[in-house]
Amino acid sequence: MATDTSHGTKRRNSASIESEGAVSIKDSEHLFQEINDRLSVRLHDLVQTDFFKYYKLNLFKECPFWIENGQCVNEACAVETIDESNVPEMWRSNVLGALQTSASGSLFQPFKSCEFREQDFCVVEDENDRDGTYVDLLDNPERFTGYAGPSAGRIWKSIYEENCFNMVDRMDSKSNLPGMTLVNLDKYAALRPNIQDQIEIEVDDTCFEKRVYYRLISGLHSSISIHICNEYLNQTTGVWGPNYDCFNKRIVPYPERLQNTYFGYVVLLRAISKMSDYLKNYEFCTGHTEQDAQVKSMVTDLVNTATSCPGTFDEKLMFSSPNSRILKEEFKERFRNVSRIMDCVGCDKCRLWGKLQVSGLGTALKVLFSYDDEFFNPKVNPNLLTRTEIVALFNAFNRFSESLKIVKEFRELYKRVNVNSQKSVPPPPQPVSSPKLATSANASQDPSSDNQFVINLILSLRDMISPYIKRLSGLFSVS
Ligand SMILES: Cc1cc2nc3c(=O)[nH]c(=O)nc-3n(C[C@H](O)[C@H](O)[C@H](O)COP(=O)(O)OP(=O)(O)OC[C@H]3O[C@@H](n4cnc5c(N)ncnc54)[C@H](O)[C@@H]3O)c2cc1C
């Protein structure tokens, strides 16, 4: 268990908390959904392209922390790898291998001797690794695999308990935290036209950077759970589809965790915006000129859209105090540990998406905290990021974006179902955490009201579909 060195800022100005505090994330939810409406289709299209769908990783590194026996035996855990002959020629081992050999014949393998560089927040997959395998991400969707039990539990437990600055109990509580206070957020009112200038937020003795760390991990965890619930295998019918019981159990009771997914989303968004010039000038090479030009224009369009969105995360407020150098190193080391723990995941498909998304988040952190803006000049630093990092960043962003979309679709479906069935739905409950500040304008954005409509949605849907399920199962049993 690592020691808890608290060199970060304990009480921050309103801006930093606005970007991260649970209540403000909650109140800005509609803003994030609006942003995602503009980005999600573009992201979805982008990850279908060859440049972004092929990812090389070493899926079978040994777990460095314990002997992992919990291999998932489910078919759904299997990863379909692809032969290198199917990926663009310039990415194949023989070509990359030749490129590594300098004129004098010595090998240039920057990542072989060490797994990461000083700037990295995670272990970076090495595209030159001869033990690595290419996967087509579209052939291996992130969804329910059946991986659960002690092996999965141990992974999450070690991430939270050993790598989260011992914050689990403090952060994941539905009750008000001690030390809550009113903070003036006037400065950011323009971003949130429908909410009050003053909102109640959590300010406890946990430093801001550590809360950010926890929220990223928890946000990833919720996003994974959303995908599991949304693409669930009904083991009786063999049909894939949303599982409302799963949502009811894993998502509905935990609005804070959902807010953490929004938080992860805005961090990824900010990283992409920060390196917009770099991305717009990046050479997306697959060797197919027309396709490459198309990818470049898709990325430019996406990045322009991202930069036109209101700013939602200000990284300059993190690690800004003179004492925070040690905290930053600890933050980095812990995040690298999370990426190493991914090698212990006992299900290949989960490991693939776990590694990719941790790498995407790690890349975002590197963009935000390892380089100042001027580093992202593509003429000066054309090779700041590897292809693997860029692919991971955009695919992770797409996974979070899909999660937001799924949540929104549930909401809309609920409204439609409710109108159609003309059922009377009890009014949304008042927010739990800040009742005295609730207004009619923001009450409908509150996660606790979200809870109510998701619960009602589940019940309505269940009512609606159960006759069909019964009929279908009748059909199956006859045949
Ligand atoms: C890296 C990784 C990737 C995975 N990918 C997949 C996948 O693609 N498909 C699949 O079917 N399974 C996947 N799994 C397994 C999946 O995440 C669950 O572990 C499994 O479904 C069992 O779920 P559970 O309900 O027991 O609770 P878990 O999700 O295992 O959670 C364990 C405990 O963590 C706490 N917790 C849960 N969510 C949060 C949160 N958001 N924030 C804070 N605390 C939380 C709760 O106390 C919970 O009891 C993956 C696991 C890991 C570690």
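Cβ atoms here come from the backbone N, Cα and C positions, even for glycine.
Note that the structure is a prediction, hence the values are computed from the model and not measured.
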Candidate in CYS309, CYS350 joined to CYS347 through a disulfide, as TrEMBL lists it: CYS350
Recorded positions near CYS77 (disulfide bond) (Cα-Cα within 10 Å), from THR145, TRP156, SER218, ARG250, CYS285: THR145
Among CYS77, CYS285, CYS347, CYS350 [recorded positions], residue with fewest other Cβ within 10 Å: CYS285
Using Cα positions only, nearest of the recorded positions to ARG250 (FAD binding site) (CYS285, CYS347, CYS350): CYS350
Recorded positions near HIS221 (FAD binding site), in sequence order, restricted to CYS285, CYS347, CYS350 and a 10 Å Cα cut-off: none
Residue among binding-site residues ARG143, TRP156, SER218 with Cα closest to the Cα of CYS350 (disulfide bond): ARG143
Distance in Å spanning the most remote Cα pair of ARG143, THR145, TRP156, SER218, HIS221, ARG250, given for FAD: 20
Contacting recorded positions, sequence order - CYS77, HIS221, CYS285, CYS350 vs ligand 1, Cβ under 6 Å: HIS221, CYS350
C-alpha spacing of CYS285 (disulfide bond) relative to SER218 (FAD binding site), in angstrom: 35
